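Residues or ranges marked as region 'Disordered' in TrEMBL: 29-53, 472-492. Per TrEMBL, the feature substrate binding site maps to Thr104, Asp178, Glu203, Lys234, Asp238. For 239-411, the entry in TrEMBL reads domain 'S-adenosyl-L-homocysteine hydrolase NAD binding'. Residues or ranges marked as NAD(+) binding site in TrEMBL: Gly270, Glu271, Val272, Gly273, Lys274, Gly275, Glu291.
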Amino acid sequence: SQPVLSPSDRFTSPPLVMLHVSINVSAASYTDSSDDETSPRDKQQKNSKGNGDFCIKNIKQADFGRREIEIAEQEMPALMALRKRAQGEKPLAGAKVVGCTHITAQTAVLMETLSALGAQCRWAACNIYSTQNEVAAALAEGGFSVFAWKGESEDDFWWCIDRCVNVEGWQPNMILDDGGDLTHWIYKKYPNMFKKIKGIVEESVTGVHRHTSTLSKAGKLSVPAMNVNDSVTKQKFDNLYCCRESILDGLKRTTDVMFGGKQVVVCGYGEVGKGCCAALKAMGSIVYVTEIDPICALQACMDGFRLVKLNEVIRQVDIVITCTGNKNVVVRENLDRMKNGCIVCNMGHSNTEIDVASLRTPELTWERVRSQVDHVIWPDGKRIVLLAEVHTHTHTHCALALIELYNAPEGRYKQDVYLLPKKMDEYVASLHLPTFDAHLTELSDEQAKYLGLNKNGPFKPNYYRYVKNKVGHQPSPSKPRVHPGFSRQPGL
């Protein structure tokens, strides 16, 4: 089985906080005092109601975090609409969800939605750098059991996960994971818990590939798992359209770079890569693409981008962006050959794509320029600008996947990895439409009969992926679609 990377391996460079539609760099990221060096594990904190079942940086930041959550709600109409429609039915009543994701304002909206739908939640961070401390404080003040803070050590990381799982009188029956660490920990330490767990929802391609699909192939997956990352609305809208905006916003906020005329290489031409390339091209950048998949490579060429190997352009480019989901895409040899002032950033789940660990050597100097931005300086004075992670994802899929797995009758899902049903994908899209004052055309009975469709959907077969390079066979309509193998990852 594939070895599990430690948090220090995967998160050597601090990631820029998770995004929804625009990048989310909170004011607290810059104003949060670092004078208090006391580890949160050594503190005894309680919220205003006397509850102390949490471990965060500072409960006093709760008011500021609450304002950030309220702002995030305005940018998450689908999740708020789902909360409003379903909270009367309580479809997650009795659900005990243990989560391990980036803890941001957007995640807080998800957690509060799950709670409104009847679930109990305990949460840890999937990344040791991405937690917004003020948001964690707001969640703790609201009664959530949150164990996370920005800048955790590797030991802290696993301790926080264990505090979520190993609780007297409380056992999870649903898992929401981002990266697979939570799933791995339960399998390793508490395998008997899976007797009561109904399913796993995995958000990222990293987690699907590294744990969920690996366990499935080995016949060790003991519960159904839902792969949210490959849902159509996640791939097209989060990975393509949202990244198209967030890459520019993230780079501009952190470096104030001028894009016109800059030479940029984007590693990977999956949906994330496509969004990045389109945005940078529109701003006047000269964009190169690296790709392993000949179909995605041909798409890049037809879209007007030059396909290259990284070592062919590494000396001349001004910006390097990784979005493959793979490891060691940019290695020390590439970093050594970069020009002075080159900006390097990652759009994936974690920093395995950039070999940041190789830069932790005595001859190189690290200089923290601002929150989320480091300069790495070579002995000859050359420096590269190393940015944290620029990323986006949707939470509505996660909520629907949890509802589906939790309420599914016995036998609907076997011990395998599934995609979100097409009907749910269409439902997610429909929740967003009122924001645009959009009006769907409805099929007449005669039209629906002619096309062989139900008037209420689904309107496309499961194999239809809304992109030209996604093909496959149509599964039996009576069976959920099992996700095909994950033997390679041409792009996120």
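Numbering starts at 1 and runs along the chain as displayed.
Here the Cβ of each residue, glycine as well, is placed from N, Cα and C on the backbone.
Can you walk me through where each of these features ends up in the structure?
In the three-state DSSP scheme, Asp178 (substrate binding site) is classed as coil. In the structure as shown, the Cβ atom of Asp178 (substrate binding site) sits within 10 Å of 27 other Cβ atoms.
Looking only at the domain 'S-adenosyl-L-homocysteine hydrolase NAD binding' (239-411), the predicted model's pLDDT averages out at 88.
In three-state terms derived from DSSP, Glu271 (NAD(+) binding site) belongs to a helical segment.
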Can you tell which of the binding-site residues (Gly270, Gly273, Gly275) has the fewest other C-beta atoms within 10 angstroms of its C-beta?
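Among the binding-site residues Gly270, Gly273, Gly275, the sparsest Cβ neighbourhood within 10 Å belongs to Gly270.
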Other than its own, how many Cβ atoms are within 10 Å of the Cβ belonging to Lys274 (NAD(+) binding site)?
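For Lys274 (NAD(+) binding site), the 10 Å Cβ neighbour count is 27.
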How many Å separate the Cα atoms of Lys274 (NAD(+) binding site) and Asp178 (substrate binding site)?
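Rounded to the nearest whole number, the Cα-Cα distance is 22 Å.
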At the Cα level, what's the spacing in Å between Gly273 (NAD(+) binding site) and Thr104 (substrate binding site), rounded?
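One finds 23 Å between the Cα atoms of these residues.
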For the binding-site residues Glu203, Glu271, Glu291, which Cβ has the most other Cβ atoms within 10 Å, all shown protein chains included?
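Answer returned by the neighbour count: Glu203.
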10 Å Cβ neighbour count around Thr104 (substrate binding site)?
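Around the Cβ of Thr104 (substrate binding site), 26 other Cβ atoms lie within 10 Å.
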